[in-house]
Amino acid sequence: MKIAVIGQSLFGQEVYCHLRKEGHEVVGVFTVPDKDGKADPLGLEAEKDGVPVFKFSRWRAKGQALPDVVAKYQALGAELNVLPFCSQFIPMEIISAPRHGSIIYHPSLLPRHRGASAINWTLIHGDKKGGFSIFWADDGLDTGDLLLQKECEVLPDDTVSTLYNRFLFPEGIKGMVQAVRLIAEGKAPRLPQPEEGATYEGIQKKETAKINWDQPAEAIHNWIRGNDKVPGAWTEACEQKLTFFNSTLNTSGLVPEGDALPIPGAHRPGVVTKAGLILFGNDDKMLLVKNIQLEDGKMILASNFFKGAASSVLELTEAELVTAEAVRSVWQRILPNVLEVEDSTDFFKSGAASVDVVRLVEEVKELCDGLELENEDVYMASTFGDFIQLLVRKLRGDDEEGECSIDYVEMAVNKRTVRMPHQLFIGGEFVDAEGAKTSETINPTDGSVICQVSLAQVTDVDKAVAAAKDAFENGRWGKISARDRGRLMYRLADLMEQHQEELATIEALDAGAVYTLALKTHVGMSIQTFRYFAGWCDKIQGSTIPINQARPNRNLTLTRKEPVGVCGIIIPWNYPLMMLSWKTAACLAAGNTVVIKPAQVTPLTALKFAELTLKAGIPKGVVNILPGSGSLVGQRLSDHPDVRKIGFTGSTEVGKHIMKSCAISNVKKVSLELGGKSPLIIFADCDLNKAVQMGMSSVFFNKGENCIAAGRLFVEDSIHDEFVRRVVEEVQKMKVGNPLDRDTDHGPQNHHGHLVKLMEYCQRGVKEGATLVCGGNQVPRPGFFFEPTVFTDVEDHMFIAKEESFGPVMIISRFADGDVDAVLSRANATEFGLASGVFTRDINKALYVSDKLQAGTVFVNTYNKTDVAAPFGGFKQSGFGKDLGEAALNEYLRIKTVTFEY
């Protein structure tokens with residue numbers, strides 16, 4: 001068909017382009033005159049294609065169509081007028097001229113919300129359904145017969161922009177093209193609009209957008225979002241006009257504590273909090289506003305309302321000055337009517353519109369190699385000087401709200417000064433716990449107090465979960481690409497590597513880890529873990545699945561792997577940083593946000609890790625860390641309705657309780673790495689030297705505080721005595737001492753309570769008749785040191801044969817020569833199944849035994865050989881789910897199936 005397109009904007013441009021792709025002939029485009037030297041996108045596109053473009057400032061005068069305008073239109077011979085978005089009044093002489101008449105796009109479900117500002121009124125009235133109508137134009141105001149309508153759900157926090165961008169724009173373009181297709185095929189309906197339910201509201205203007213405070217919170221929220229971004233809902237407060245943007249009713253976990261903002265006419269004063277401005281309706285319910293525009297036009301974060309001027313102006317490097325000049329050229333191209341772009345030049349006051357915001361963002365992102373920049377950033381920094389400051393902060397990785405204030409505990413130790421945060425980490429800030437509660441963290445080397453650490457309470461958990469939920473649903477973390485997420489994780493791993501000596505020193509101080517081991521394992525493997533999962537970020541993908549076709553139509557089914565949301569991670573005290581990393585790296589790679597509860601006795605490396613996430617540019621709220629007791633913090637995480645996944649490492653008893661809480665609360669996804677009593681079978685045909693070496697490591701590695709430690713060694717009878725002799729020889733060579741000394745083999749046990757349990761464990765072994773070959777006592781020196789211990793003649797019924805010590809206690813039992821099946825039966829006679837091992841030179845025996853052992857990991861002729869790429873997790877009451885490897889990602893993802901019919 002020959003079509004005349006009458007309208008403007010990007011929407012009009014897209015409709016024009018799609019109509020041409022459909023094969024229609026666009027004989028002319030009628031759009032608005034240039035503004036401030038800039039042509040409308042629709043006209044620009046048509047001119048490039050050589051299509052006649054007309055820019056009439058008006059179509060009629062004194063109610064009559066202008067003859068010369070009508071003549072120019074009629075000369076084109078259009079068969080249909082298409083009005084995708086038109087702000088001008090078009091006379092009926094034009095509307096009725098084509099053979100097929102005229103069709104108009106309207107962004108509401110007519111007859112509801114006739115007139116201008118239809119999207120605004122859809123939101124202001126709190127409509128649950130929105131959509132658009134395409135109707136045949138007549139001489140009424142949006143009263144013509146309907147051709148087609150499409151509807152969508154209006155989300156609770158939708159604004160004009162989000163509703164338009166999500167549905168009205170993309171689906172509206174398709175709808176206009178479909179409508180023209182129906183007309184061309186002679187299938188276009190004409191359905192009279194019903195008058196029942198019809199409404200008409202006038203155009204929203206700034207003077208009519210003042211907030212009425214005498215209504216419920218939901219109505220106030222609808223008014224604010226219905227006027228966001230134009231014209232902007234406003235009120236008077238602090239002797240100026242304040243305009244509110246980015247409103248939400250999602251206030252779960254928010255506590256109205258902060259600075260009061262008196263608002264004339266409001267039911268209660270507003271409260272400026274770290275999350276934003278909390279407002280109240282006359283029903284005492286809350287809503288949250290995140291952005292405020294001041295009377296001078298400057299847009300600020302609502303949380304910064306009572307703060308002074310922005311932090312000191314950054315001094316730009318030579319390279320940054322070059323970038324600034326390149327950006328100045330971009331501004332100059334977008335604002336041709338501005339003679340010279342100065343620091344005080346305001347983007348919007350110089351004539352820029354929303355389409356120019358998109359152009360600016362895209363040009364700057366291209367100029368700065370994919371820098372994360374959003375349209376909102378332009379509104380928040382609308383003058384050139386402010387925009388450059390914001391841009392440079394982003395390029396430096398410091399684009400959050402200034403430097404985080406950290407109250408460090410400093411110690412001169414290990415030939416360095418270590419700086420340790422000691423407060424809770426919530427929403428990107430270090431804060432005191434509710435009621436300023438604290439607990440002591442103890443140095444196990446000498447029993448001294450390292451510092452007081454904030455002790456999280458239930459209300460702190462709620463705040464942390466709210467911060468994580470907001471970061472997941474509304475923050476940058478969910479908007480950046482998977483590749484950018486990986487880049488941030490790589491940066492975090494690099495920072496951990498730069499601070500590895502400091503982190504290892506803190507592990508030695510707080511957990512008693514031998515410094516050299518901490519460098520290699522506690523910290524070294526943590527760095528490797530983050531690098532490994534950073535590489536997975538952009539490789540998480542679904543699949544396409546062939547299904548039975550719905551003949552004569554066809555189907556396409558695909559799966560998407562999506563993050564689950566807010567995750568709670570509860571970690572033990574034996575490897576404080578490494579256990580955090582094993583779970584958190586996979587969790588973040590999958591795109592989740594997290595609340596981490598480190599063990600109460602070893603919180604310091606977790607808090608140092610929190611500091612490094614800030615330095616890496618991980619958005620605020622993505623990672624939250626709450627030192628505290630399991631009975632309060634762990635329990636609340638397990639019970640919290642907004643937490644969708646719990647990852648736990650600890651005892652089987654506590655794991656069962658967590659699993660029950662997760663089921664009762666909201667059927668959370670859960671993965672558990674629990675207790676173990678890992679068997680190690682040493683056959684007579686082994687390499688005995690290696691078996692002794694690895695047997696020592698299997699028990700005494702990390703002071704025996706190792707979840708996969710060999711809880712029981714089964715040694716074939718013919719080599720039993722020689723094996724024991726060599727082990728005792730090696731034990732006597734071990735140096736027990738200060739974990740910071742480079743020649744120390746064995747440091748203190750993690751905490752005093754654990755030391756007491758080890759002494760009781762050994763006393764019970766002796767009482768039941770096992771032979772204590774060496775050790776079994778506390779080392780007579782300050783601190784929590786325990787002697788490396790060896791028991792022999794351990795029978796299957798004994799307590800120490802069935803329960804793990806979680807310490808440096810080797811439990812040795814004999815088995816008869818050649819009796820493979822009998823020793824396998826004894827090894828599997830446990831409710832635990834975390835790890836196991838076998839030493840033999842016989843490959844057939846090794847394969848047979850590894851097949852029969854009931855454990856998540858089997859080591860053959862080695863032990864403790866874990867790797868970031870190999871999945872790790874237990875069987876039976878040692879838990880379920882995996883850490884490490886690709887399998888770990890699935891613990892933090894959910895699979896969605898999507899089926900299309902065409």
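Placement of Cβ uses the backbone N, Cα and C atoms for every residue, glycine included.
Remember, predicted model here, so these are calculated numbers, not experimental data.
Taking the Cβ of Asp142 ((6R)-10-formyltetrahydrofolate binding site) as centre and 10 Å as the limit, one finds 21 other Cβ atoms among all the protein chains shown. What TrEMBL records for Gln88, Phe89, Ile90, Asp142 is (6R)-10-formyltetrahydrofolate binding site.
What TrEMBL records for His106 (among others) is active site, proton donor. Residue environment of His106 (active site, proton donor) contains 22 other Cβ atoms, counted within 10 Å of its Cβ in all protein chains.
Residues or ranges marked as site 'Essential for catalytic activity' by TrEMBL: Asp142.
Sequence annotations record features per position, and here TrEMBL assigns domain 'Carrier' to 318-395.
Residues or ranges marked as NADP(+) binding site in TrEMBL: 571-573, 597-600, 630-635, 650-651, Lys757, 804-806.
Marked as active site by TrEMBL: Glu673. Cβ neighbours of Glu673 (active site) (same chain, under 8 Å, six or more residues apart in sequence): Phe648, Thr649, Gly650, Cys707, Leu834, Phe872, Gly873, Gly874, Ser878, Gly879, Gly881, Asp883.
According to TrEMBL, the feature active site, proton acceptor maps to Glu673.
Per TrEMBL, the feature active site, proton donor maps to Cys707 (among others). Within 10 Å of the Cβ of Cys707 (active site, proton donor) there are 23 other Cβ atoms, across all protein chains.
With the fewest other C-beta atoms within 10 Å around its C-beta, Phe89 stands out among the binding-site residues Phe89, Phe806. Cα spacing between Phe806 (NADP(+) binding site) and His106 (active site, proton donor): 70 Å, rounded to the nearest whole number. Distances between the Cα of Leu632 (NADP(+) binding site) and those of the recorded positions Phe89, Ile90, His106 are shortest for His106.
In the structure shown, the C-beta of Lys597 has more C-beta neighbours within 10 angstroms than that of any other entry among the binding-site residues Lys597, Lys757. The Cβ neighbour count for Gln88 ((6R)-10-formyltetrahydrofolate binding site), using a 10 Å radius and every protein chain shown, is 16. Other than Gln88, Phe89, Ile90, Asp142, the residues of this chain whose Cβ falls within 8 Å of the Cβ centroid of the (6R)-10-formyltetrahydrofolate site are, in sequence order, Leu83, Cys86, Ser87.
Within its own chain, Gln600 (NADP(+) binding site) has Ser439, Leu455, Pro627, Gly628, Ser629, Gly630 as residues 6 or more apart in sequence whose C-beta sits under 8 angstroms from its own. A separation of roughly 8 Å, to the nearest angstrom, links the Cα atoms of Asp142 ((6R)-10-formyltetrahydrofolate binding site) and His106 (active site, proton donor).
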